[in-house]
Amino acid sequence: MITPSSARRRLERAPFLDAVAGRTPTRTPVWFMRQAGRSLPEYREARAGISMLDSCFLPELLAEITLQPVRRHDVDCAILFSDIVVPLKRAGVDIDIVPGRGPVAAQPVRERRDVEQLPVLREPVAEIAQGIHSILAGLRDDQVLIGFAGAPFTLASYLIEGGPSKTHQRTKALMHTEPKTWHALMERLTETVIVFLAGQVEAGVDAVQLFDSWAGFLSEHDYGEFVQPYSARIFAALEPAGIPRIHFGVTTGELLGDMAAAGADVVGVDWRVPLDRAAQRIARAAGPKVLQGNLDPALLFAGPEVVRGEVERIRADARRAIASGTATGHVFNLGHGVLPDTPAEAVTEAVRIIHQAS
Ligand code: 1CP
């Protein structure tokens, strides 16, 4: 169980918190997944000569990189600069982030013995707690900090496949051929994720997002049997902390109800499903929730007029959902992360358009 933190800020006028609580925000809150990173020249400069994973363990650097997009784009939320594999690395798993590719595990987890030997994170990551303190000192009281973790399924996929996968074939095969091994792995990863998030909550983050990025590859049945119970345990552990909990995955149109039912307050929706239809699926399964999304990140390349049209359409979809009682609020975001080649100016312009439309 994750208890409320004495470091938690009391924010009275943050648009994100107003939208999540069902109040009318002063402007539409917006943040973008992957708002920190390669699209920013100042990020490339700050990271020069430092590996991705090393940068996640340097408190002042991770704080600076987290704040860069907040300063440049005037987004309403900072997202902690870290990676989903950071808790695995700190626990002692031999995993690295290969530039241009992503997380790669030296010894993939394939058998019962591998699972039994997989280290579990026992202590929060102290460097991240220090970084969070610096970030909070650099934010205004209308800007929130979102902490995050990867969900057990998405982490398991990197460990089992050994790296990024377009099919998740070994992961699915393990679930079905060795369900006991699968469940043992998910137990361990769930513990790690809870300890990792507990440290962020204790350090004072204002909200948390659980990224189950690749859950959309699963059938509804497999999601329900092999994945949802563990994500639900994480959301239940977070509940006493009293901060908003966001759940996100890509191509999860068919799973939105089940992902909402895992216990989130806010459900991320990718661009494939209109927000009002997403809200119906969510409300039917779990009651009305806050929606987060869902501009197609590729459209940041299409120029401000296209973005303006899409922003209006998405806001109309969200308004319809709220008016019909199937959603209680809307946080603007992309349907997935900022693409690395996106011009920084296009991101700033999109934020301006979203705020203007409020
Ligand atoms: O600004 C922010 O959003 C914060 C930074 C952030 C976040 C939220 C990073 C930094 N990683 C993440 C989470 C993360 N990492 C997810 C969930 C979000 C998503 O769906 O995009 C996933 C799946 C990962 C795994 C990962 N790490 C990948 C994807 C690989 C694949 O399977 O396709 C990659 C490329 C990384 C490396 C990484 N993490 C972050 C950055 C800036 C980078 C690229 C750095 C580099 O290569 O030098």
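For all residues, glycine too, the Cβ spot is worked out from N, Cα and C.
Per TrEMBL, the feature domain 'Uroporphyrinogen decarboxylase (URO-D)' maps to 29-38 (among others). On the 0 to 100 pLDDT scale, the model's mean across the domain 'Uroporphyrinogen decarboxylase (URO-D)' (29-38) is 96.
In sequence order, Tyr43, Ile65, Thr66, Gln68, Pro69, Ile79, Phe81 are the residues near Ala36 (substrate binding site), counting only same-chain partners six or more apart with C-beta under 8 A. Annotated substrate binding site per TrEMBL: Arg34, Gln35, Ala36, Gly37, Arg38, Asp83, Tyr158, Ser213, His336, in sequence order.
In the three-state DSSP reading, Asp83 (site 'Transition state stabilizer') counts as coil. Annotated site 'Transition state stabilizer' per TrEMBL: Asp83, in sequence order.
Long-range contacts of the domain 'Uroporphyrinogen decarboxylase (URO-D)' (146-162) within the same chain: residues 31, 77-80, 82, 84-85, 87-88, 93, 95, 102-105, 108-110, 118, 132, 168-171, 174, 182, 185-186, 189-190, 192-193, 196-197, 200-201, 205-215, 218, 226-227, 230-231, 234, 246, 249, each at least 6 residues beyond the stretch ends and with a Cβ under 8 Å from a Cβ of the stretch. Sequence annotations record features per position, and here TrEMBL assigns domain 'Uroporphyrinogen decarboxylase (URO-D)' to 146-162 (among others).
The Cβ neighbour count for Tyr158 (substrate binding site), using a 10 Å radius and every protein chain shown, is 25.
Tyr158 (substrate binding site) carries a helical DSSP state (H, G or I).
A simple way to gauge crowding: the CB of Arg34 (substrate binding site) has 18 other CB atoms within 10 angstroms, across all the protein chains here. Sequence-distant neighbours of Arg38 (substrate binding site) (same chain, 6+ residues apart, CB-CB distance under 8 A): Arg44, Pro340, Asp341.
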